[in-house]
């Protein structure tokens, strides 16, 4: 009697598809566990040999950008988002507080003119390092203060700087600012870049209503910058 073999290839095909799906699922789970999404990959500086990159989060990136724009040796500043798990986030997404990203600033600078320790000084003196719920009037995790280090040298410098402040009886305390490895940095929308220069009146009104300078005066005895 002639055997009916029409179902055999189909069974093999279905089994093969199931096996492939299982393998793809395992690979996906492994990649997710390893934090292999684009947003969570290590930051890779792409600058000339005579330049370096630093990344800081200190609340509203408009204000952080203004502070670093005043520093001699800073070549450029870019407002953006980093530290989260969502790829290429928008301002609206970050503001919903479910992306893990912080408003941050990427600083490109010339190390022969200004060193990383000096940039850390500028950073500290333009934030409230005791605030674990945001910065000034801006509340939420996306407004947290954080130092994103791009290599071991920056990590050592940042940790030493933080310890020095913790041991300084005149410095604000307790210092809650985290130091973490930098991951992918996403530039913010064009209207956020150089906001303090493009919209000076709105910016000054925001900064005053947020009491940023007043709080800095209370914390540091000065009104920011420290350039």
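Any Cβ shown, glycine's included, is placed from N, Cα and C.
Listed in TrEMBL:
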ACT_SITE  60  active site
DOMAIN    54-204  domain 'Peptide methionine sulphoxide reductase MsrA'
SIGNAL    1-33  signal peptide
When you measure from the Cβ of the residue listed as 'active site', which residues in the chain that are at least 6 apart have a Cβ under 8 Å away?
103, 135, 136, 138, 143, 206, 210
Across the domain 'Peptide methionine sulphoxide reductase MsrA' (54-204) the predicted model averages a pLDDT of 98
